[in-house]
């Protein structure tokens, strides 16, 4: 079931003409029972949202008002329930001025009568028959249902009868005529809009206070009727224009509020309470009539006590004379109408003081704000937050597009643009411009100088690559290498008669493929060394492919020609299979016979290298910012990260800020291959650099930038992209992956933590160990890094139940003790193939051993002896092989095995022996079996464990 957000519900209500702010809508939903709604971004189920929409629409949608009569001076007023009063004629002639009598209100019997709306068209009723008065026809006045009874009639009316059960409100009958004919009375003025009481303010000019009871003349029954002379012959009162007393729209709304009768259930009034008492608190049982009006200053609500006006013998809010009305303003008229009223405020809930701020409004974003700027990718969660859309909707749309993603998955800019377009957004790419920090400099031919050639020596292991370089450099590097093989890539600068040459020595072992590939990528020329007595080998072919892939020139040096088994022609023939044809045979490849031991052919080799460099026209600009490639990297204690770099362009100086991969730093020191510190290095020379923030990856490019801040920004940008790629990559499961997972479901895995001296060795060892995995046992590298073995490595291995493999590195102090406490095994190696062989043994140890039964001999039971405290002993004669004390035994009777166990004791005469050979007699005790009988055969054997094969 889909969901709908609160602000979407607000938009639907707005279309229906109901405008609610987000806060008001949330409060309204809380009042309806949806307490889980927290803000305008919260979601509701479709059925819940529809139900809330219908409730709010039914409550807030204005209903058509009933047709009410209108006219000048008339105000529509609602009453809860009004009983028609019984009018009687006065027993004596009225005084000079008729007085106001307090109207009598019917009291409810049990409960307050429910309010029912009056009908739109009310039919007038006939007035009840007056007592002791001449019967005259009562003419119904217009809108009699809304007209109030005259004060004169109220004065003569007896107590009203008890209220009947709730019935529809009937129109009030017009007052009956009295002894003296009276003119029609104007309608009683309705209550005015409430205002806060102002006791300290003096009455307005021209306002006459209310007269005492009996001092006012009766009011006319009909509006606008001429006034009649009083009983004492006083002059008639001038008619009052109703338009002068017509209330405003605000007053009409307030005046139209219903009166709320309030009753307290108390004991009957005693005789003492019937006499006047001093002013003070009202006695219990008093009935007060209250009116609900908006509170002063618009706060909460208030009750107006209108009982005080009734006790004083006048109607609340009675109209004033025309002369007084002319001298008062509208505001003074309103104050006069509501004066002398008692207010009973409702105590509201005290609100905590909060900062007054603008309410959150549902608005539409401007067009310039509907632009999403992203780099190469963005996560689904970030895109949903920017657009204000549910992430589940975006994931559903991506699934329809055929992309299985999660909320944290990264999507490219094109896919994000498609999703954004559906919601009215546009996507702009704001890719990180690396060129701003690493600008490309135009080549200035006038500043180019000749640089030394970079020559990489490649070939199979033990074919004499390092020995050949030693002969050229007149050094003895090969003698100090572990196992006599090169396991690091070495960079050397050699001064020859033909000029300086930079040599890169690469390993020949199969595990160092990545090193050979890096050497081929940075070189200008490849010297392929092939042993004359061994010929072309697998790593020779691999080196040829790497050189051709890099597009560099290959020069073949056929080494070890001084050996008796040397066959240079056979080597040249084998190389033709790989499209390397010697110049002697009409080809283009230079092939020279050399000998590292006798230095035969070395001068010719150097001359050909110089010749090829001249043909290639190797030049570079030394005045620009330096750039190059990382050849090797390592972590040394006391020196930190150390990178061997090859400068390809520009000049690298101490203090330069450089960036390589995700690492950056400032050059603190530089040293050449002889360990001498240098201040600057030109193009074509190798050097060791100190000062980086971490160990870079061998093969990465490095660039010098203006300052360290720029280098840090570039490195952080690359690190962010790498992390996004690792976390947000979407990998589709293929059928082959499922089959591979099913095959390896029962496979055992050997976890390893690899630490090496340099980055290249760490990479090579990890790849070699991973290749050692078989179908029965797999290999998983938990961590591969450079540097000494630390406590962190031990804890990582302990958590992953792994073995630590150290290659040309040693553990720190007390690390071995911590490893023994944690139960972690540390294996140290200096030669890579020794590490591979030892790890295969560890892999075989994970397999369950195979138990094999090996027969030893047989013995026949001749006699059975029962020895106290020892048990049953079978006197037997060894008929085949030998019976050993530590062997297992099967008891066979009638060619059926009835028991299998171990030999408990073996004696010859009275001496304990370890074994008894064939032809001798002995006593054999079987553990856990005491039912040996004469004639049983005891078959003795032993169990041996056989380690299973990894293949």
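Placement of Cβ uses the backbone N, Cα and C atoms for every residue, glycine included.
If you look up Swiss-Prot, you'll see 58-255 (among others) marked as region 'Disordered'.
Feature annotation from Swiss-Prot assigns compositional bias 'Low complexity' to 101-170 (among others).
Annotation comment: Swiss-Prot describes 171-216 as compositional bias 'Pro residues'.
The annotation compositional bias 'Low complexity' is assigned in Swiss-Prot to 217-234 (among others).
What Swiss-Prot records for 305-329 (among others) is region 'Disordered'.
In the predicted model, the domain 'tr-type G' (450-619) has a mean pLDDT of 81. Taken from Swiss-Prot, the feature domain 'tr-type G' covers 450-619.
Per Swiss-Prot, the feature region 'G1' maps to 459-466; the stated evidence is similarity to another entry. Counting residues of the region 'G1' (459-466) by DSSP class, helix then strand then coil, yields 2 helix, 1 strand, 5 coil.
Positions annotated as GTP binding site by Swiss-Prot, on the basis of sequence analysis: 459-466, 505-509, 559-562.
Swiss-Prot lists 484-488 with the feature region 'G2'.
Annotation comment: Swiss-Prot describes 505-508 as region 'G3', evidence class similarity to another entry.
Feature annotation from Swiss-Prot assigns region 'G4' to 559-562; the stated evidence is similarity to another entry. The DSSP breakdown of the region 'G4' (559-562) into helical (H, G, I), extended (E, B) and coil residues amounts to 0 helix, 1 strand, 3 coil.
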Site of maximum Cβ density within 10 Å, from binding-site residues 459, 561: 459
For residue 506 (GTP binding site), the three-state class that DSSP assigns: coil
